[in-house]
Amino acid sequence: MSRRFTVTSLPPAASAASADPESRRHSVADPRRLPREDVKGDGNPKESSPFINSTDTEKGREYDGRNMALFEEEMDTSPMVSSLLSGLANYTNLPQGSKEHEEAENNEGGKKKPVQAPRMGTFMGVYLPCLQNIFGVILFLRLTWVVGIAGIMESFCMVFICCSCTMLTAISMSAIATNGVVPAGGSYYMISRSLGPEFGGAVGLCFYLGTTFAGAMYILGTIEILLAYLFPAMAIFKAEDASGEAAAMLNNMRVYGTCVLTCMATVVFVGVKYVNKFALVFLGCVILSILAIYAGVIKSAFDPPNFPICLLGNRTLSRHGFDVCAKLAWEGNETVTTRLWGLFCSSRLLNATCDEYFTRNNVTEIQGIPGAASGLIKENLWSSYLTKGVIVERRGMPSVGLADGTPVDMDHPYVFSDMTSYFTLLVGIYFPSVTGIMAGSNRSGDLRDAQKSIPTGTILAIATTSAVYISSVVLFGACIEGVVLRDKFGEAVNGNLVVGTLAWPSPWVIVIGSFFSTCGAGLQSLTGAPRLLQAISRDGIVPFLQVFGHGKANGEPTWALLLTACICEIGILIASLDEVAPILSMFFLMCYMFVNLACAVQTLLRTPNWRPRFRYYHWTLSFLGMSLCLALMFICSWYYALVAMLIAGLIYKYIEYRGAEKEWGDGIRGLSLSAARYALLRLEEGPPHTKNWRPQLLVLVRVDQDQNVVHPQLLSLTSQLKAGKGLTIVGSVLEGTFLDNHPQAQRAEESIRRLMEAEKVKGFCQVVISSNLRDGVSHLIQSGGLGGLQHNTVLVGWPRNWRQKEDHQTWRNFIELVRETTAGHLALLVTKNVSMFPGNPERFSEGSIDVWWIVHDGGMLMLLPFLLRHHKVWRKCKMRIFTVAQMDDNSIQMKKDLTTFLYHLRITAEVEVVEMHESDISAYTYEKTLVMEQRSQILKQMHLTKNEREREIQSITDESRGSIRRKNPANTRLRLNVPEETACDNEEKPEEEVQLIHDQSAPSCPSSSPSPGEEPEGEGETDPEKVHLTWTKDKSAAQKNKGPSPVSSEGIKDFFSMKPEWENLNQSNVRRMHTAVRLNEVIVNKSRDAKLVLLNMPGPPRNRNGDENYMEFLEVLTEQLDRVMLVRGGGREVITIYS
């Protein structure tokens, strides 16, 4: 459940008013912190926000005073400083752990007891828990063996390196922990909030796996103590000979380990509070055992304990099979053989055949614990690494060896090495003994002052444990015989725990103490690991783990406990403590490495929010700690290190792939920002090299009234061009003012982002609010991008229905867009019939992408189909390139040159040269030009005032009447409908009908009248300031004259304009129309069935009076083609033949 805190504002007059109901109305709880079931977000449902954010505190919304009346209207968003400070000062966070369980059990009758504020100090809250978690099974079961194998010098270096690693990590952790209020949840929250959801999830799961395998290691240590030192007779599997003892022991570990794991998981499931209450008992066992070791060291200096060991030559003998360390014994006056004789000879008789080594060497007995004053430290100073199956021998003892290659009988009672040892292996086995430094930060919610207690308690605990470990290395080497140290299971000292032989007053103190301490550590791991997994699951950054965020009603992570037990069982099935230890070393080292990385990144970035209260840190220390962790990972086991890093990398990429939506203000985001800033500043130094040129797209989309993208196919096409690996900015313009339309802009931006995510477009979204569309588009073109990372290509759709639009600003905006991209040296891509472009799910199984290379304005025409064919939609389409040859061109040579050029460009395409001979301008072209100019003339009239328009139309009518007497009427008529303005405007009536030529094959457009039988569009318009133009096509192919359609609206005047003489037409327009018609004929002939046609887009006229003619040219050029992309280069894009 969520915890809410209440900030109460009292009038300054009376403190007794707090009992008044009126004063209680100032206590306002944040509704976002009300109890709820499905807690999402930061993974800690009991954490209220400690950040200074006015939206998090609704205190002060009811204001009665007059002193601050100037700010009374802003009280809903800006609370009073007094209430804010009160809320921050009283901020508390409950611990994550067994508190939920205890609270649920203490709640009776639906009433909750008031939650006591945490009162734990540094000693009880941090120091002792860290001691309990750091001291563990390795200290009691393996440290003596490590010292015996590696020697005092190498063991000292090993312990020093490992302790330095944890000390440097603790310094980094202290800096992170004191950088603000520490939320309950500990190390995972510090890492995830410092490094972001991707690293946080990856490292959090590695930390969870490490904690889980630590539980397996503690359970295996418990079983080893139980079967090897407490109750050896409990072993289920017995070895028939010495060679089978190791396998039998592993099977016993698996069986008993599974049973102990089941019991521990049941205890954790039933009553977690008992685990926490017995934690001090387990800690007492650890401290008592360590004190017993030091007491034994002191006693051994003047009164060494009696633990004799038996040597045959220089070989160590196991005490399991005999009692007297001698070959012969005296019984009365008779010499008899001992049990040791029987182990090496065929019988107990003196004349029996005995082992050759046994015959040649004497049996001697020495003290296993000579004591600190014995000077043994010199002998144990250097290493004695062993291979598996080798007998443990004492250096310096006389021995008569055997011939080389003589096999050793494994049934003889020697002490054998059970594994091959080397330095890196010992590091992996030893390192888990220094883990557990996060115990204090994990209890941050219990602490009175976490920012003070965590650094002090953790560093003191590490210093204490490091001193114990380093001193133990020296003392073990100074007090215990080397062969005993190398005897892992104490076979030479009657099966006693080696470290127990040094303890005072009895070895049983160590045995029993270590047994309970390992049990307690295992229970703690099974308690903490599920809660860590629950926190990760509740964060929601790893979707498939969200089921483990649920649990019992009291908050216990039932499902997480079940998964933890299953993973822990994997470690138990491994069954070897020496094999499990390096595994958890990997996961803990990776966690510590990222703690150091987080501190180093935050320090180097110097973000304003990085203000740790702990001052004794530096980025060099964090970097050294990170490097040490990484080195130790590969020193311990390079293949385990690679596996751990692979697991973390897969988790990272999975979280990144699924889209981590958490924003925690983490250091990696800051690192990305700094890297982006550095890269952008580098890009500012100069334009990109030719080889680095790639299309950086600015996609201009239009949104409807509901802020949804009108043509999503534009973004599909953008996604299909993603092989360019360039920048993508999707922009849109909303008309209006920023103050009024800001919410709509936000909705439009969200809608565009959703569509970008659906179409898998990687890029940015930018919505601009402007008083008019023209200025907004211009702002986007000018200001899109940042620094050197700016767009160089604009992708826009062709303005549909531009003829029909009463507001002719639509196509004027488009032409201005073309001019601005040309002025800015930007490439322009215009998609015509964009609704017919394929979506990403579609696939073309055949077809072609046809490129009509008419003029060379850069390499865009070649590059675009190359990029498109990398996408699954266009992959099976072949590429065809057409170029146009004039009369004086050698078409054969042109084809060869183009083929060679494509070969050097590494582009595969079919090449064809189309010959377009000069021909006379057809009557069809003249008629198209005539219609275009008449329409242009009428469009100009629409921008005149009423009186100017009437005078202009009258002059056209008079001119037309004169033309009728000279020319025959044509078959298509033009009717101008002028709405009725006033009564005085209805004086003149048209004297006669004027008919103009309009070819039947002219391209249909939205402004064309429908076919006969359909109502023409727009006849009901009555806008008094507009003239409506209606074209009516011929009904018959015989081009018979057709009478005018009746006028339905009253008061409408029909004015007719007769076509001017053909010789009066603008010859430039005629030539351009001729080019458009001829090119269109050629393109349609060759590319009618192409899946996509790309061709050069001609530029707009320099004289703005011909803008509407430009639109007509483009319409004629692209008619009867399904999918067209007009490409206009900016002059900077280049496709190069060089590598």
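Just so it is clear, glycine is given a Cβ too, placed from its N, Cα and C backbone atoms.
Annotated range for region 'Scissor helix' in Swiss-Prot, selecting from 142-156, 202-216, 457-471, 667-681: 667-681. Looking up ASN362, ASN442, ASN1085 in Swiss-Prot for N-linked glycosylation site, the annotated residue turns out to be ASN362.
Of the candidates THR337, THR810, THR1030, Swiss-Prot marks one as phosphothreonine, and that one is THR1030. Different topological domain names are assigned in Swiss-Prot to TYR127 and CYS591, which places them on opposite sides of the membrane. Here the candidates are SER48, SER318, SER1049, and Swiss-Prot annotates SER1049 as phosphoserine.
Residue-level annotations in Swiss-Prot identify, among SER1011, SER1045, SER1045 as phosphoserine. The number of other Cβ atoms within 10 Å of the Cβ belonging to CYS345 (disulfide bond), over all protein chains shown, comes to 19.
Confidence for the topological domain 'Cytoplasmic' (152-174), expressed as mean pLDDT, is 95. Here the Cβ of CYS325 (disulfide bond) has 18 other Cβ atoms within 10 Å, regardless of which shown protein chain they belong to. Here the topological domain 'Cytoplasmic' (514-534) has, by DSSP, the following mix of helix, strand and coil residues: 21 helix, 0 strand, 0 coil. In this structure, ASP446 (K(+) binding site) is part of a helix by DSSP. In the three-state DSSP assignment, the secondary structure recorded for CYS354 (disulfide bond) is strand. The recorded positions under consideration are CYS310, ASN333, CYS354, MET410. Their Cβ neighbour counts within 10 Å are lowest for ASN333. According to DSSP, the topological domain 'Cytoplasmic' (152-174) comprises 23 helix, 0 strand, 0 coil. Sorted by the number of other CB atoms within 10 A, the glycosylation sites ASN314, ASN351, ASN362 start with ASN351, the lowest. Same-chain residues lying 6+ beyond the ends of the topological domain 'Cytoplasmic' (421-429) with a Cβ under 8 Å from its Cβ atoms: 138, 142, 146, 149-150, 154-155, 158, 161-162, 383, 385-387, 578, 581-582, 585, 632, 635-637, 640.
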